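A short write-up of the structure that comes next.
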Amino acid sequence: SKLAALFKHPLYNIPIPEVTEKDKLFVVNPMEKFSLHSSRSDEWISSSKAETLLPTGKTAYDTYPTWLKFHVGINRYELYPRLDPLMPALLWDLATQRIVSSGTSSLLAPLPTPLPCCPLLTSLFLMSLSVQKTGGTQLKLIMTFPDYGQALFKPMKQTRDQETPADLFYFSDLERHNAEIAAFYLDWVLDFRRIPPVSGRLINITKEIRDITTDKKLAKTFFISPAGNVCFYGECSYYCSTEHALCGKPDRLEGSMAALLPDKTLAKRRSWRSPWRRSYHKSKKAEWELNRNYCAKVREMPPYDRGHRLLDLIDMTVLDFLMGNMDRHHYETFEKFGNDTFLLHLDNGRGFGTHSRDELSILAPLQQCCSIKKSTYLRLQLLATEPYRLSDLLREALATDPLAPVLAEPHLQALDRRLGKVLAVVGHCLAR
């Protein structure tokens, strides 16, 4: 296993700073225990008021569902630990847990019983049910599980070997479910760990969406195609019409299932407009495309005028270039941690659209600023060597996903070519 060897390498064993209480996203009472109600309602109640049935454990933490353990584990320095023992269980839940409701809004399932003894943990799963996911240009659904965990489902729109046409604008591109999966694993292999866990899943459109949804608007969009397949199109800004319907075979459909982050009412996130945002116009260019010294201006702007925010953004630039994602207009951070924290790498569905072309303009922040974290640069150099070749590592990581093979082979080979170009840009900067 090249992955096992990689995570034993010293560059992948650099410790994070000590995590204090103020560095944790949530501080919880270690005495609070939870269990599923013994009735068929699957409601959550305080273990002090009922016999503990599921889940059980020696400590209160053992009684938390996997998604809740993920949420309370988030801290200032990482979304999840490097070799997180929780991750296999969380990915398994995303891929296999029974879906009890689905729709464009997550306020679809009956609310669990309030837990007066445990206000924070009660809020964590109560508030997770009220997130709206109706925005965006393309259809995505909220799937709710019996333990009140939730996932963002993005359905398959393109086959693995379909490339985005060269004449298609980046803002007109379709989102790809397999790009979300591959982006999570690539982010992990690069040791950024800033993308919430994602698993592939084969959904039964009839039983797991149509028959259980309480979303009336979504329910009206189901139909049977002339080929006898179950189809639906939902509601969104674009690509939600009978011409862009999603059809099963006859009712089986691939998709990505991404673990949701804690609701913003509990863990506020701030959205930042990227300084290297594209114009999203067919003829206009952004300022960074016209001004070679644009980075000097950015360095004087908060929050890029201090701390490691600019270097974090360049980490994200490297990730985007490797997967060919031109659609990074915003990013988010957890508000609690201020400027001294990592960037969340969300919405990666427009990556891995092409393997035959490399969009060098994505690397503009690196090229113009000539700055990169030393640790990132050393890891990139390592991933360009034969024992730790990036394409081999990602291929091995993706082999564990239920929808493997997640990427067509040319996309994996493109990673090595693009990594070489990133290192060439850094080499040019060093020469200057």
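Just so it is clear, glycine is given a Cβ too, placed from its N, Cα and C backbone atoms.
Annotated in TrEMBL:
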- Gln138, Lys154, Glu175, Ala258, Ala259, Leu260, Leu261, Glu332, Asp347: ATP binding site (BINDING)
- Glu175, Asp347: Mn(2+) binding site (BINDING)
- 222-431: domain 'FAM20 C-terminal' (DOMAIN)
- Asp327: active site (ACT_SITE)
Integer Å distance between the CA atoms belonging to the residue listed as 'active site' and Gln138 (ATP binding site): 14
Other C-beta atoms that fall within 10 angstroms of the C-beta of Glu175 (ATP binding site): 24
Among Asp327, Asp347 [recorded positions], residue with fewest other Cβ within 10 Å: Asp327
Close in space, distant in sequence - Ala259 (ATP binding site), Cβ under 8 Å, 6 or more apart: Trp67, Phe70, Leu90, Leu94, Gly149, Ala151, Pro196, Pro197, Val198
Residues Gln138, Lys154, Glu175, Ala258, Ala259, Leu260, Leu261, Glu332, Asp347 binding ATP per the record - widest CA separation, whole Å: 20
Integer Cα-Cα distance in angstrom, Asp327 (active site) to Asp347 (ATP binding site): 9
Among Gln138, Leu261 [binding-site residues], residue with fewest other Cβ within 10 Å: Gln138
The domain 'FAM20 C-terminal' (222-431) [mean pLDDT, rounded to integer]: 95
